[in-house]
Structures are given as structure tokens and as C-alpha cells.
Amino acid sequence: MNNKKDYYLPFLLTAIVIIVDQVTKILVVKYMSVNEVIPVIGDLVNLRFVYNTGAAFSLGAGFGEIARKIMLVFLPFLLLIALTVAYLKSVELTRAQRWFICGILGGGFGNLIDRFFRSEGVVDFIDIKFFGILGMDRWPTFNAADSFIVCCGIGLGINLILSGTKQKKEQDS
């Protein structure tokens, strides 16, 4: 870590992700009806307003109320706190890794806000055609927070693999 700016500035991304996520969800709830579909790019991309009471792919939607609160609120909250603490304590994270982690934190907290304050569930609204891949005509509906979690998670994973490969080459030299 070079300086405090490199350390704290990525948290700006966390705030931006939460704001973008919540503003888009507020707009969807205000201007769309549940299950309404608005084509954006033909049949390829739609806005489709649904409430998700589960996690990714609606996993856990059938759980009882207590199990759902533990699995979808309490445990994710603990994981986000643990990730934040790991971020704050680590001196070995690269600048890119810090930005990726803060994007994941923003998405995670964005969805947790829905779980705390929307009894209906998390607002999902991005619907993409999947062309029968993995037996699915359409990818499960998702939101901006989910996009940041996935994209930053992939970026972090690739970055960790590449930095591990680089370190191994340096050790072998």
C-alpha cells in the first residue's frame, strides 16, 4: 500500500455501488409493476421487475422465515464485516484488489439493505436472454448489486491468480 489515499479511496466505489443499486431499485419499484416486462434491446435484454426472497437464483426462497433470516441476512452480514476487517488489516493487497473488494462490499451491502428494509424481498430487474445455455432460455433476473458482486469477484479472482503466478515466477528466479 502506497498511501492512505490508496487505502481509503476504494471505499468511494462501495458508496457509489450502494447508491446506484438503491436508486435503480427505487426507480423500478416506483415506475414498474411487479412482473412487468419492458424490452430494452429486443428480446435480448429486458427490464423485468420481480422480488427475490432467496439468494442467487432464488436459492433459499423456500426456507422458513428464521432459516431465511440466518442464511440470507445474518451470515452475509458477517461475511461482509469479515471482508471489511480483512481489507482494513491487510497490508499485502494490491491497489486493484482493494478496488475489487470494495465493489463486492458495495454490492453485498446494497442487497442487504433490501433484505433489511423490503419485506417483499430483494428487487431484481435485469433480465437477459441466455439462448438455452445450461438449459436456460433466460438468465435468472438480477440487479446492479449482483452485477458488481460478480464482476468484481471475477476480477479479484483473476487478479489473485495472476499475482500468485507472478510471485511464484519471482521465487523461482
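Cβ atoms are placed via backbone N, Cα and C, with glycine included.
Annotations in TrEMBL come from automatic prediction, not curation.
Annotated features, as they stand in TrEMBL:
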- 7-28: transmembrane segment (TRANSMEM)
- 66-87: transmembrane segment (TRANSMEM)
- Asp124: active site (ACT_SITE)
- 144-162: transmembrane segment (TRANSMEM)
- Asp146: active site (ACT_SITE)
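Of all Cβ atoms in the shown protein chains, 23 besides its own fall within 10 Å of the Cβ of Asp124 (active site). The distance from the Cα of Asp124 (active site) to the Cα of Asp146 (active site) comes to 9 Å. All chains included, 21 other C-beta atoms sit within 10 angstroms of the C-beta of Asp146 (active site).
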